[in-house]
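K.L.:
Supplied in structure tokens, the structure appears directly below.
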Amino acid sequence: MSSEMAAKSVKAFGLALKDSSGLFSPFNFSRRATGEHDVQLKVLYCGVCNFDNLMRRNKYGRTKFPYVFGHEIVGVVTEVGSNVKKFKIGNKVGVSFIVDTCRECERCKIGQQIACKKAVSSDGFFETPGYGGCSNIFVADENYVILWPENLPMDSGAPLLCIGITCYNPLRRFGLDKPGVRVGIVGLGAVGHLAIKFAKAFGARVTLISSSPGKKDEAFQKFGVDSFLVSSNAEEMQAAAETLDGILDTVPVVHPLEPLFALLKPLGKLIIIGEPHKPFEVSAMSLMEGGKIISASTGGSIKDTQEIVDFAAEHNVVADVEVIPVDYVNTAMERLDKADVKYRFVIDIGNTFKSP
């Protein structure tokens, strides 16, 4: 960015958490002016992630006030810098969690930008200034912006920028994206419901593993799973022993892993994507028997993110969402505390957010 552009800024407004009350309220602030490699977009939709709610409650110990949340950002380009090559005014675009990295370290080179030690997040999580996407405009380097497919809905597509890549990437990375592969999904929440949709789009045979017997009908009728296991039903679990090529575990709290290992075929893979905040207990013997593998995955590169929205547009994969107005955000956060949403809140910024 030139010194002249750096000296300028543009007025913006959003919703901010200004103190430890846990309540968001209107907030006027400044974003950087559009630099020569930047794209400015009018934000139309922004997904509400459980991460945003954890930041609201300072569960990571890293929340800085004022905190403007939002990293599932979809909108329309309104301005481009003089050296921008990938976008033009009027393009539909998306911005996810990472908006800059060093671009030189080994992590960046292998597509693990989310793990770059100099990563900059859209909402300021990584000890760097930043205001998230729950605002009227956003400015980002073009290299961290994706082109939004014309036939992909912007509201129900917004969560693909976070939870979508969270489940899509490990399916691809661990070879669970082939027709006929048997994939287990643990948990039918925000991540789990999209994991089912992507696995089915790949042609996999999907087993939902849940602690809630009451989710069986929904799993079959709404999401078209091929089988359903109640994790506490020892007889069902035993009957399904060594039937799965891989399992995506989406549950965000610590739970027993041994029953899941037993479901895996020899050389099967258990991939943790639920981000529990306490350590698991794992028996090495359970893995050694059959050469089973445990791994973890979170997020993906900008290239991965572009790939996922293109795939989703081609295969009609979107999240099940509840679209809400801006003034409903505090209520939505309270409902997230109770897991009371099917399956993702998305804020209609474009139609319901007016300058305070």
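The backbone N, Cα and C atoms fix where each Cβ goes, and this holds for glycine too.
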K.L.:
Hey, Swiss-Prot has Zn(2+) 1 bound by Cys49, Cys162. Any idea which of His71, His193 it lists too?
P.N.:
His71
K.L.:
Going by C-alpha positions, which of the binding-site residues (Cys49, Cys102, Cys105, Cys108, Cys116) is nearest Gly187 (NAD(+) binding site)?
P.N.:
Cys49
K.L.:
Would you mind checking how many other C-beta atoms are within 10 angstroms of the C-beta on Cys102 (Zn(2+) 2 binding site)?
P.N.:
13
K.L.:
Within 10 Å of the Cβ of Cys108 (Zn(2+) 2 binding site), how many other Cβ atoms can you find? Include all protein chains, please.
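P.N.:
A count of 19.
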